[in-house]
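What TrEMBL annotates here:
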TRANSMEM  A:38-59  transmembrane segment
TRANSMEM  A:79-99  transmembrane segment
TRANSMEM  A:120-139  transmembrane segment
TRANSMEM  A:151-172  transmembrane segment
TRANSMEM  A:230-249  transmembrane segment
Amino acid sequence: MPESANPATGAGRASRLRRLRVGVASHVRAFVRTPLNVALLVVLPVVVVEGYGTAMSAFPQLPHLAGGTMAETGRVNGAIYAAAFLAGILGLFQSISAVQADERLRICGYDRAELFASRLASVVLGSTLVAGVSTAALWRSVELAAPTAAFGALTLAALIYGLVGMLVGAVLPRALEGSLVLVFLVDLDDFLSSGLLDVESPVLKLLPLHYPHDLFQSATFEGSVATGDALLGAAYLGGVFLLALGVYVRVTGEGGVLA
Amino acid sequence: MSRPRTGRARTAFEMGLREYARTPVLLALLVFLPAYFVGVLVFLLPESSVPVEVAGRGTVAVPSSELYGILLVPLVSGLVGGVAGLFLMLAARSADGRLVVAGYRPVELLVARVGLLAVAGAVAAVVSLGVLSVEVVPERLGWFALASVLAGVTYGLVGTLAGLVLSRLAGVYLLLFAPMVDVFFFQNPMVSDPHWLAAYLPGHFATEVAVDAGLSASVALEPLGWAVAYLATVGVVTAVAYYRTMRIG
């Protein structure tokens, strides 16, 4: 067996990095092999941002909403929704296609950390991309008070949902069932975190988009970074990461099925 | 001697139902997810009143929980119907091609697939309605249920069409986004002057009937007729696309 295929024979750091790079490159190649997927990644955020903005411009001004006009609020919500759901679906399909293949790679000598890192790197790449596209789509029509902070908040939302998607895909590695779970999760979360409804409940703080949404709104309309929200959002991301890692380790040791 | 067409369509439909029944996770999700979605939202939605346009009643103030509760049922039916239609077609496309070679007519298979979508849409609507009824009971229950199933089957056909022309990933993108924006934003009765695009979206007429039946005692037959006509149009477009796929396959 060549050294590069078996870390147990003493492959060094450079070899691990090379394998990681090869893994990420192959995931990216698999994705871009369908040009429609790439086109949708660029087009959909624009459609979602403009669709939300157009639909909400006809709404009466809601008294509990701070910030911009209803159209601007719609576009802001559209941007965060697009970043979260695109990253979530990417994470889900990445995980579904990975679980059994990675199980076989592990038998061939790859360790779990390398395999997880390669999947995670692909999801991070995809999440950063959709956050960037969503920020750009929003910036076309809404003046962003703090663009870098807004991009950071969208990246946080996308990363959290990318990991949630991976988690759903690992627990329920079936496309239809996993998609249904993610559809309802993203819609419920977006619906309640958007601020469109005057809801006061501690339950909202448990939703994945709660902190990224607050961060994004303050960055977009006020140009400020709410440190408390940023820290809590980062902690939430860390929690989801540990959960996704734990589940991944379990499934790659059990033939791709959560025991 | 060949079996009559209705018999073959029924067999294909029963096989599809058996496949659903053989997937308990899917069945559980079809029941649990709508119940969870509607249950959580109806529990959390505020009681504050919002002004809405209702047929036969003009502009009236209704509690937010009632308005969004009424919108949630066709929305959930659309989401479940759309995603089910997409995956049903992705899973069945190659098998259906072989069944056509074996003597099935595309129309028999299409009838069976649409029947399955109607079942999925009806399950989602009934479960959502059951949970909603704990807090909000629509004024005209039967019409409301019919409108919700119509929304589910219409989006189911949109999903089927997406399954014929798009990849799995692209189809999920579409079916995740479209019903939410359509039913929740474009068809929201809080809007007194809707965008022109709203009238052309799949959820328009079915949601109009659902809102009428949910919030008023009178249900106009005209939007119901348009909802059926819209369904028939999407059905024809889907049938043409399906025939082309079978011919090529």
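Any Cβ shown, glycine's included, is placed from N, Cα and C.
Automated prediction, rather than curation, is the source of TrEMBL annotations.
Quantities reported herein were computed from a predicted structural model and do not represent experimental measurements.
Taking residue pairs at least 6 apart in sequence, the transmembrane segment (A:79-99) and the transmembrane segment (A:151-172) share three or more C-beta contacts under 8 angstroms. Same-chain neighbours of the transmembrane segment (A:230-249): 95, 112, 116, 119, 153, 156, 159-160, 163-164, 166-167, 170-171, 208, 211-212, 215, 258, counting only residues six or more beyond its ends whose CB sits under 8 Å from a CB of the stretch.
Within the chain carrying the transmembrane segment (A:79-99), a Cβ under 8 angstroms from the stretch's Cβ atoms is held by residues 27, 30, 41, 44-45, 48-49, 52, 115, 119, 122-123, 126-127, 130-131, 133-135, 137-138, 153-155, 157-170, 173-175, 178-179, 182, 185-186, 189-190, 208-209, 212-213, 216, 248, 251-252, 256, all 6 or more beyond its ends.
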